[in-house]
Amino acid sequence: MAPPVPAPSSDLPNIAPRDKAEILAQALPYIRKFHGKTLVIKYGGNAMTDPALQQDFAEDIVLLKLVGMNPVVVHGGGPQIDEALSRLGKKGTFIQGMRVTDEETMEVVEWVLGGEVQQDIVGLINAVGGKAVGLTGRDGGMIRARKLKMVDKDDPSIEHDVGQVGEITAIDPAVVKALQDDQFIPVVSPIGFGEHNESYNINADMVASKLATVLQAEKLMLLTNTPGVLDKAGKLLTNLSAREIDELFADGTISGGMLPKIAGALDAAKSGVNAVHIIDGRVPHAMLLEILSDQAYGTMIRSH
């Protein structure tokens, strides 16, 4: 196994040329291993709002494409939606990690995610030499959905109405594959459509997980604002099985926005995605180090 690649820091420009060459050489086995493979990355959290991390992310995505991998980006945008709602005098409400989405909120979600946020990401990637194309689940009939029936996690007899929040019924990845074949980088907004052409706000982690499954991705990486999954004492859990995850659900260790993230990650692992990682998006280049070295950042989810 190759020695770990040093974590990037502000001292990187001062590394001797020979050491820089060694770092690049250590990445070669991983470049060979993942050449031609699809990697689905859920982009969210601080990595989307910190300018330096935004730049790092865009450069990392372009590098992965240039060395022969096929990155697919699925993005969130919770803080941006909250800001837009605040300007309209509305406050976001969440139930079990899902945003309650009435008709007005759905309109905001569509123009924030499918417009402002998506175009910012596409622009960043293209500015550093990539060829990114923005999509929503409507494009190419990619993401079909229906209204999510949310049962209370403590009392199954209670069902919560979360408005136009959707659950995925089918994903047609044809448009994503066509873009990949032409060397584009797909950037997907988590908006689906129903049988009557109604729009649905879908959790971005769930979209990333389902898309990774249908694309038979080699890796699914979910960027977060935490080091990974933490136990009740705040200690990082670096490796979790399905059984351990069930226990963490039951005792309340996993809650809030982490609920759909872990559920989606586990579903992808059970459905054949080779490696599923929850990664600290606040660490510069953590995604790149996870792929191109034996450094471990965050939590790995296993189906067994």
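Glycine is treated like the rest: Cβ placed from N, Cα and C.
Quick caveat, the model's predicted, so the values are computed rather than measured.
Per Swiss-Prot, the feature substrate binding site maps to Gly77, Gly78, Arg99, Asn201; the stated evidence is sequence analysis. Sequence-distant neighbours of Gly77 (substrate binding site) (same chain, six or more apart, CB under 8 Å from its CB) are Gly44, Met48, Val112, Leu113, Val117, Ser189, Ala204, listed in sequence order.
If you look up Swiss-Prot, you'll see Lys42 (among others) marked as site 'Transition state stabilizer', on the strength of sequence analysis. For Lys42 (site 'Transition state stabilizer'), the same-chain residues that are 6 or more apart in sequence and have a Cβ closer than 8 Å to its Cβ are Val74, His75, Gly76, Ala204, Asp205, Ala208, Leu220, Met221, Leu222, Leu223.
Summarising the annotation, Swiss-Prot assigns site 'Transition state stabilizer' to Lys261 (among others). Counting only same-chain residues at least 6 apart in sequence, those with a Cβ under 8 Å from the Cβ of Lys261 (site 'Transition state stabilizer') are Gly97, Asp205, Leu222, Thr224, Ile278. The DSSP secondary structure for Lys261 (site 'Transition state stabilizer') is helix.
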Other CB atoms within 10 A, centred on Asn201 (substrate binding site): 26
Least buried by Cβ count (within 10 Å) of the binding-site residues Gly78, Arg99: Gly78
Gly77, Gly78, Arg99, Asn201 excluded, remaining Cβ within 8 Å of their centroid (substrate): Gly76, Ile81, Gly92, Thr101, Val109, Leu113, Pro190, Ala204
